[in-house]
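Colleague: Dumping the structure here so I can ask a few things about it.
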Amino acid sequence: MIDVFVTSLQNLLTLHHLSYMMIGVAIGLVVGILPALGGIAGMSLLLPFVYGMEPTAAIAMMVGLLAVIPTSDTFSCILMGIPGSSASQATVLDGFPLARKGEAARALSASFSASMIGGLFGALCLTAIVIVARPLILSFTSAELFMLAIFGLSMVGVLSGSSLAKGVAACALGLAFGAIGTAPANGGERMTFDSLYLMSGLEITIIGLGIFALPEVLDLLRGQASISSTGKLGRGWLAGVRDTWREKWLTLRCATIGACVGLMPGLGGSVSDWISYGHTVQSAKDKSQFGKGDIRGVIGPEAANNSCAGGNLIPTLLFGIPGSGSMAIFLAAMILIGLQPGPGMADPKRDLDLTYTVVWTLALANVVGTAACIALSPSIARLTTIRFVLFAPFMILIIVFGAFQSTRSFEDILALLVIALTGIFLKRFGWPRPAFLIGFVLAGQVETYFYQAVQFYGYGFPLRPIAVTIALVTIASLWFTSRSRQAPKEATVPGGITTDIDFEREEDETAAAKNLWPQAIFTIVTVGFFIFTIAEGAQNSFLDAVFPVSVGAVGLLTAAFVLFWQVRGATGRGPAGNVNFDLDDGASSGSLWRFVGWLVGFVIAIGLLGFTLALIGFFLTFLKVVAKSSWLQAAVLTAAAVGLVLVLTSILNMNLPGGLLQHYFYDQLVWPLR
Amino acid sequence: MTEFTRRQLLAAGSAAAALGLAGVRPAFSQASVDFAGKTVEWWMPFSEGGGSDVWARFFAPYLSKYLPGNPNVVVRNVPGGGSITGSNEFVARARPDGLAILGTSGSTQFPFLLGDPRVRYDYAKLIPVLVSPTGGVCYLPAKFEVKSPAELGKIKDQDLVYGSQGATSLDLVPMLAFRLLGLKVRHVFGMQGRGDGRLAFERGEATIDYQTSSAYLTNVTPLVEAGTAVPMFSWGILDAQGNVARDPTFPDLPHFVEAYEMMHGKKPSGVEYDAYLAFFGSGFAAQKPCMLPEGTSDDIVATYRKAFADAVADPELQKAKGDVLGDYTQAVGNDIEQLYKVATTIKPEARDWVRNFLDTEYQVKL
């Protein structure tokens, strides 16, 4: 064993290896900082170069990139509220409010230090576990993975905000959105409207951008001068590091969650992200600041997503089963350079030294990446002090560009628009968006593993020993949650149990509305959607119908419950209790819909003129009309935006989405217009 | 007699294709074709990192090396809709100027063969310039004590379990094969790839499995050496006459048709076998074709065929091919038409049989 360690260390600490790792780290930093370009885009950038490279150099470069992305993508989470990748959505919940309070610096340094500890701790765990990882992974069958998914769903109890009914309904809504597309059992198509686009389901990237990022941008547009409400960065680089040190046990617990979830093939980064966020909230004594800028809400998920990236390596290397999208490309690159992952990677007589080289490169790159991020932070954090109307079009551009990375078609942008409208209403009417995301992220796992577990083990599958253990943990976790939910003074409030955790309310002012009809109408639409889910689901064969019908039924019941209280309040027959929530009731800061109109206009212009022309038009008019820029300023900013997009498209070698113009005059147009 | 019918059909097809070639296409008229300074887009209806993507990226630099003028060859991924979207878009968009080629896989061919109404590409109209075969090995747990296909009869009444990616995925081939053999196999769907199926096998959940050649060599050989798994048969390849032959990677292992004979004492035949052959050809023996759009001029086609022939003959490619291409003979030059035809055609009655089978057994409506 010792000689394996020595060989790996020798491989690791050569100038050759280190310099390629640094190239990977540098690219990872850039890709991570650019919002909505995550590991998948970064790895696709490297793929053409990897081919023909010497294997260890190629691996050093790729691992360098993979290690640093979960750290560097925190910039966009915290500074702009745009999830940097699907594995860092939870960071937005508290990170962005911190930036808005003018505490961006503290949030960034806390998150980077947590990332680093997470990454190092993950690498340490993996070093110890590689040898026994095979039997460990093999002992987690579909039955255990299903129980883990249920454990994930139980976090909804913690993340539900003021009304449990709304939380469960929002989660059911997420599960129903996740059921769109081809069913895992018999391949029936559900809620696809015969569209090829919906056949493969909605992409998690688009869901994250639409549910979190766009509603925030549009909301900010109507009042705030800059992202940081104080217009300042705030002090506190050291304070952030101290925060992480104070929460060191939380950091280590979340790093463990991340490494374990990453180790299991088939769960993925977003699951570890949400479970660790749920755990952070659950284990905190004072929950009042979560969702409004609690530093722990940044530390937990950031520690988890770095160690998860390490954990993902294990199923990829030992079984050839990629744990995430970027791992799939890593695997492809390994095959291109002539390495076939398999059991040999854990065999001391064969390639174990290579595995250790990979794991330790990951650790080293984590440290280097963290140092670089901290060094870059002060200048990048200045973005939050820019006049927001000048910055907003760039954010909208980045979100739209990020969304169509999914399948590179116009439908991606349409899907983004629909999801963003859903997100706006969820936010406005106090339906907890984290619960929605948990539902969406786990929909596929819950359905597939349930079906497979029943097929392999019969209905007695929950009685398998590890499954029972996970079930007991879930029950214990629910019990703790319900205890903290029983705040005595609010126990009598109609509309269900309440807590002091409240994700959607930004200030302490009450969001109870006088006119309840707007929120009641949204609830009616939701009820209608659940009925549609049941009706659409039921048309499929039994196996494909079970999941959408049960999810629809749960959603229908809870949404109807919410509706009952809201209509009661709206018709003046009694108080609506804690389901009454409307951020926009009597709001003084101007209408959101004006800015939604801009977004819709942009999308329509893309549909007519194609992306490049629409982008130019959108930027110029927005900057002139909304930001009241001079022509010079508008022209310079527009040129910068177009330049950014064109450089990215040509490097990634993709076509920008076209509109009717491209449809009819494709041959007459040249890139970048087509 | 039926097996001969198919062979005759293939022979006739290839004869016609050869005639067509000889009659219309001049052997060498490439002087006019020059791609200097141009960019060739290799359309890929799958996302980055999939098997087909790796295949295209492997070939791209060699194609660039051997096309006149050494154009820049880039892979353009257009994923979504189970690869139907990208292929539809290629057919609608690509001009026959030699600057756009399409690479597909069995999962693009299957919906076409099954008559999926959303498919707008027609393989008969696209012009093949390269066809890459692949293969795989089917294996059983050692506990059944079945040592060769001749003893498969021992487990024909036993309930076997197979981890499948879906009834219309590439796993349709093993589904048809097991049925033809007369094995009672329950297909558990929802696997995310063959790796998931192998994991299920290693856990003891699945009791029959197959892996593609390279995955078999790295991941299943250790199980065979440890005495927990036993290889049964390979899918085999198609030779130049369109006959199923042994897989060059596994010369000692019987191929599926031999295995059938060892088990049943006669060759397989009938509409079920025709259906199996069509999907086997499309999913394995001729899995990845690279094509030019309809209407491409003959000299561009000839240029491409020569470029791929030269690329495959390049000792550097042969040295680097490793697991990407395996030991399989790449179909290039004028041999290509026949293999391509196998991958992209199915008898109408065989198609009807499969559609009906999928509908009645698995409620798959097409």
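Heads up, the Cβ atoms here are built off N, Cα and C, so glycines get one too.
So TrEMBL has the following annotated:
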type: DOMAIN; residues: A:18-437; note: domain 'DUF112'
type: TRANSMEM; residues: A:20-47; note: transmembrane segment
type: TRANSMEM; residues: A:59-82; note: transmembrane segment
type: TRANSMEM; residues: A:112-133; note: transmembrane segment
type: TRANSMEM; residues: A:145-161; note: transmembrane segment
type: TRANSMEM; residues: A:196-214; note: transmembrane segment
type: TRANSMEM; residues: A:358-380; note: transmembrane segment
type: TRANSMEM; residues: A:386-404; note: transmembrane segment
type: TRANSMEM; residues: A:461-480; note: transmembrane segment
type: TRANSMEM; residues: A:516-535; note: transmembrane segment
type: TRANSMEM; residues: A:542-565; note: transmembrane segment
type: TRANSMEM; residues: A:595-623; note: transmembrane segment
type: TRANSMEM; residues: A:630-652; note: transmembrane segment
Colleague: Quick check for me: are there 3+ Cβ pairs below 8 Å between the transmembrane segment (A:630-652) and the transmembrane segment (A:386-404), leaving out pairs under 6 residues apart?
Modeller: yes
Colleague: Counting Cβ pairs under 8 Å to the transmembrane segment (A:112-133), which of A:59-82, A:145-161, A:461-480, A:516-535, A:595-623 comes out on top?
Modeller: A:59-82
Colleague: Given the cut-off of 8 Å on Cβ pairs that are 6 or more apart in sequence, determine whether the transmembrane segment (A:145-161) and the transmembrane segment (A:461-480) share at least 3 such pairs.
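Modeller: The answer is yes, given that the two segments have at least 3 Cβ pairs within the 8 Å cut-off.
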Colleague: Are there three or more C-beta pairs under 8 angstroms joining the transmembrane segment (A:386-404) and the transmembrane segment (A:196-214), sequence spacing 6 or more?
Modeller: yes
Colleague: So what's near the transmembrane segment (A:542-565) in sequence-distant terms, Cβ-Cβ under 8 Å and 6+ beyond its ends?
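Modeller: Long-range Cβ neighbours of the transmembrane segment (A:542-565): 163, 165-166, 168-169, 172-173, 175-176, 179, 183, 185-188, 190-191, 443, 446-447, 450-451, 494-496, 520, 523-524, 526-527, 530-531, 533-534, 536, 576-577, 579-580.
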Colleague: Can at least 3 Cβ pairs under 8 A be found between the transmembrane segment (A:386-404) and the transmembrane segment (A:461-480), with each pair 6 or more apart in sequence?
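Modeller: The answer is no, given that the two segments have fewer than 3 Cβ pairs within the 8 Å cut-off.
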Colleague: What is the pLDDT of the domain 'DUF112' (A:18-437) when averaged and given as a whole number?
Modeller: 88
